[in-house]
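Everything below concerns the one structure shown next.
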Amino acid sequence: MTAPMDVDNLMSRLLNVGMSGGRLTTSVNEQELQTCCAVAKSVFASQASLLEVEPPIIVCGDIHGQYSDLLRIFDKNGFPPDVNFLFLGDYVDRGRQNIETICLMLCFKIKYPENFFMLRGNHECPAINRVYGFYEECNRRYKSTRLWSIFQDTFNWMPLCGLIGSRILCMHGGLSPHLQTLDQLRQLPRPQDPPNPSIGIDLLWADPDQWVKGWQANTRGVSYVFGQDVVADVCSRLDIDLVARAHQVVQDGYEFFASKKMVTIFSAPHYCGQFDNSAATMKVDENMVCTFVMYKPTPKSMRRG
């Protein structure tokens, strides 16, 4: 039986940790995190595998545990439910505050299920976040591998794709050679850790490549890279105008491909503390016009740790 959840109280403590630099483990206990996962899982399960949402909405790319940068996005655009958001995955790994990041987002999902949408990224898969930081953080901060496992159960229910105003198809990674119709996306099974190969794996892992025509094996060792011709074909076949995806660091936070039929959005500035990239978010207004907000890396003197 899941313990009752006071989502407002948990959100205020998570936000206070972000604003004050307080310690998460003294503010939020493991049972509360487990309850948050369980409640969020039921919300994901109640919604479709292809999230069909209407504008206006803000689309955000990778966050990777950069909690203060997530808060910058809300400060700049507003908080739900005043503003609608669609995040394209990769909430955990690499950054320093993975647990704060994913839990605040799950709280927003629970409290505002029709205003706040989260797709799954490849880092919301156990084989990846076991290695790239999230497992270690759960273990170090809460001394709990069970907590990590409970997060995986929630991640397995996350949708893999979204459709804004019937015209903008969104996913974390990219397209699939097996994708022929939107109904295939509506029928993607959950819960699951997508098998390799599958449409699900491609949605999480595939990348555009300006030097490729058609499909080629991806140097990541998973899925494919695809050319501009593929994007044009898919937009025509699915009757869409734009594909929005994340998954790759781009210098200005956003980058177009295939005559502006695809855009990559990356929302973690100064990624990993090693890149000097800006971040960006994409606003889709009521008329389906897309504009971008950029977030410069914060000066070194302002960065925590």
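In case you wondered, yes, glycine gets a Cβ from its N, Cα and C as well.
Feature annotations, reproduced from Swiss-Prot:
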- D62, H64, D90: Mn(2+) 1 binding site (BINDING)
- D90, N122, H172, H247: Mn(2+) 2 binding site (BINDING)
- H123: active site, proton donor (ACT_SITE)
Exercise for the section: Give me the Cα-Cα distance between N122 (Mn(2+) 2 binding site) and D90 (Mn(2+) 1 binding site), rounded to a whole Å. Expected result: 7
Problem - C-alpha spacing of H172 (Mn(2+) 2 binding site) relative to D62 (Mn(2+) 1 binding site), in angstrom - result: 8
Practice task
Express the distance between the Cα positions of the residue listed as 'active site, proton donor' and D90 (Mn(2+) 1 binding site) as a whole number of Å.
Solution key: 5
Practice task
Write down the Cα-Cα distance for H247 (Mn(2+) 2 binding site) and H64 (Mn(2+) 1 binding site), rounded and given in Å.
Solution key: 11
Exercise for the section: May I ask you to report the DSSP-based helix, strand or coil state of H64 (Mn(2+) 1 binding site)? Expected result: coil
Problem - Cα distance (Å, whole number) from H247 (Mn(2+) 2 binding site) to D90 (Mn(2+) 1 binding site) - result: 8
Completion exercise
The number of other Cβ atoms within 10 Å of the Cβ of D90 (Mn(2+) 1 binding site), counted over all protein chains shown, is 29
Fill in the blank from the handout: Apart from the site residues D62, H64, D90, the 8 Å Cβ neighbourhood of the Mn(2+) 1 centroid comprises G61, I63, G65, G89, Y91, V92, D93, R94, G95, G121, H123, A246, F266, S267, A268
Fill in the blank from the handout: Cβ density check for D62 (Mn(2+) 1 binding site), other Cβ within 10 Å (all protein chains) comes to 28
Completion exercise
Long-range Cβ list for H172 (Mn(2+) 2 binding site), cut-off under 8 Å, min separation 6+ in sequence, same chain only, gives L88, G89, D90, L119, R120, G121, N122, L160, L203, L204, R245, A246, H247
Practice task
Identify all same-chain residues not among D90, N122, H172, H247 whose C-beta atom falls within 8 angstroms of the centroid of the Mn(2+) 2 site's C-beta atoms; report them in sequence order.
Solution key: D62, L88, G89, G121, H123, G173, L204, W205, A246
Exercise for the section: Measure the Cβ-based neighbour count of H247 (Mn(2+) 2 binding site), defined as the other Cβ atoms within 10 Å of its Cβ. Expected result: 25
Fill in the blank from the handout: Cβ density check for H64 (Mn(2+) 1 binding site), other Cβ within 10 Å (all protein chains) comes to 27
Exercise for the section: Measure the Cβ-based neighbour count of N122 (Mn(2+) 2 binding site), defined as the other Cβ atoms within 10 Å of its Cβ. Expected result: 23
